[in-house]
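Q: Sharing a structure with you now.
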Amino acid sequence: MVKFFARPLPIDPVTQKADAINLLGFGRPHMRAFHLSWFSFLTAFTGWFSIAPLIPTIKEDLKLTTSQVNSSNLTSIASTFFFRALIGPLCDRFGPKRTMATLLTISAIPVGLSGLVKDATGFITLRFFIGIIGATFVPCQFWTTQMFSGSVVGCANALVGGWGNMGAGVTYVLMPLLFDAISKSGVSDHVAWRVAMVVPAGLCFIMGMTCLLFADDCPQGDWSKRKQQKTVEIHDANNEKNAEIHNANKANKNLKGDDNYSIASEEDQITHNPSRPTIGTFFKALKNPNVIILMFMYACSFGIELSVDNIIGLFFHDHFALSQTKAGLIGALFGLMNLFSRATGGFLSDFAYKKRGIKGRLIVHFILIFVNGIFLIVFRFSVNSLTSAIIILIIFSYFTQACCGSVFGIVPFVDPEIVGAISGLVGAGGNLGGLIFTGVFKIYGNNTPFAFMICGIVVMAVAFMTFLMRFK
């Protein structure tokens, strides 16, 4: 069972990774990296989706059509898709701290310049550059992968990813209330939304500097020290590693099939150095069928989340004739579910891993993603009532986000030597899914409930790809 309030924090003597989590701790290096990774990603999400809650006002102010709004949603995800694929090898090369800090500080610029937009072309272009900040997901996950051992890494990844994704919910609360406060001070709507955008830009810049100055890349400190330390560990700890692996095999002697891979994966994480990132790293990852399947899985979990984050506020605003603020508060429910939903996906994945090895992780993931598809379809038939629509929204948001956690509970076990590149590709798969499903919502712009049903059918079909995954 994963310990969430372990004091003192148990540390693996060989890898120096933490074997538990202390949610109340902020000590270096493990728990400070943990908390800064999720809060950085939450801040990034606040900047990334800061425009979405204000779309009703922006649409009227810039005289945008529904098609132009949907096109801007597409561009905000398209840029993230491209940059996520690149960021994985950069994490392998420079470490998660510098990568995260660079993305946050650079992306603060287009967020802060939102107030200069005057027409549809500028708006769509702006959202493309803001979308770069979505690539922060890769260093977020990579960071915790470096800090926590295989027995808790799924839960750690799910916690930081989920709490980071919660930024979309925070944004749906923050931005309408901020807009209302500025408007009530006597400023016109034309100016109010532009002034409001300065706040998330400032938050992104401050958070980037915080990561750079007050965090560590890995248990040994700076990223360069990790590589030097690795060689020493491998040379001096062989006997201890062999004993640990022998004990692990003995403890798991009743497990069958792919469970043996779980033990081997732990050994790989200890004994192998990460490959120096090259173009060959991408090809090596892409040649692994498990990576391709996980990209599809993440497309049908995080991809759904991205597309819904972009349209949910406007949907409730138009479909139920709600005010921008009320629609934003309802839309916030979808993102705020990440407080626990994604984490439970990782927790269930870790729990199943202890019981049945990697097979357990796959079974948990299949159940979560299949049920997610069911409730996306059910949402199609729940929109005749505001109450039923909110209830089903909450249910499918849980399964959507729990799937994200279960996917990244599997990622570290695919190929530990290139986990950064794999994380980047799987993350990019999520953005590709966001593009596809946002495209579905654009095509059925006048019938959003039907678009939800289409998404649900696709998700249910993709769920069966889980059974195609193979681990040696």
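Here the Cβ of each residue, glycine as well, is placed from N, Cα and C on the backbone.
What TrEMBL shows for this protein is this:
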type: DOMAIN; residues: 33-472; note: domain 'Major facilitator superfamily (MFS) profile'
type: TRANSMEM; residues: 36-55; note: transmembrane segment
type: TRANSMEM; residues: 123-144; note: transmembrane segment
type: TRANSMEM; residues: 156-179; note: transmembrane segment
type: TRANSMEM; residues: 191-215; note: transmembrane segment
type: TRANSMEM; residues: 291-316; note: transmembrane segment
type: TRANSMEM; residues: 322-341; note: transmembrane segment
type: TRANSMEM; residues: 362-383; note: transmembrane segment
type: TRANSMEM; residues: 389-411; note: transmembrane segment
type: TRANSMEM; residues: 418-444; note: transmembrane segment
type: TRANSMEM; residues: 450-469; note: transmembrane segment
Q: Do any residues of this chain, six or more beyond the ends of the transmembrane segment (418-444), have a C-beta under 8 angstroms from a C-beta of it, and if so which?
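A: Result: 67, 70-71, 73-74, 77-78, 80-82, 84-89, 91-92, 134-135, 137-138, 141-142, 145, 274-275, 277, 281-282, 284-286, 288, 291, 294-307, 310-311, 404, 407-408, 411-412, 450-451, 454-455.
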Q: What residues elsewhere in the chain lie close to the transmembrane segment (191-215), defined as a C-beta under 8 angstroms and at least 6 residues from its ends?
A: 28-29, 32-33, 36, 39-40, 43-44, 46-47, 50-51, 54, 57-58, 61, 97-98, 100-105, 107-109, 111-112, 114-115, 133, 171, 174-175, 178-179, 182-183
Q: Does the transmembrane segment (450-469) reach the transmembrane segment (362-383), going by 3 or more CB pairs under 8 Å (6 or more apart in sequence)?
A: yes
Q: Using Cβ atoms and a strict cutoff of less than 8 Å, what residues sit near the transmembrane segment (123-144) while being 6 or more residues removed from its termini?
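A: Sequence-distant neighbours of the transmembrane segment (123-144): 33-34, 36-38, 40-41, 44, 47-48, 51, 58, 62, 64, 68, 71-73, 75-80, 83-84, 86-88, 91, 96-97, 99-100, 103-104, 106-107, 110-111, 113-114, 117, 153, 156-157, 160-161, 164, 204, 217, 306, 408, 411, 419-420, 423-424, 427, 430-431.
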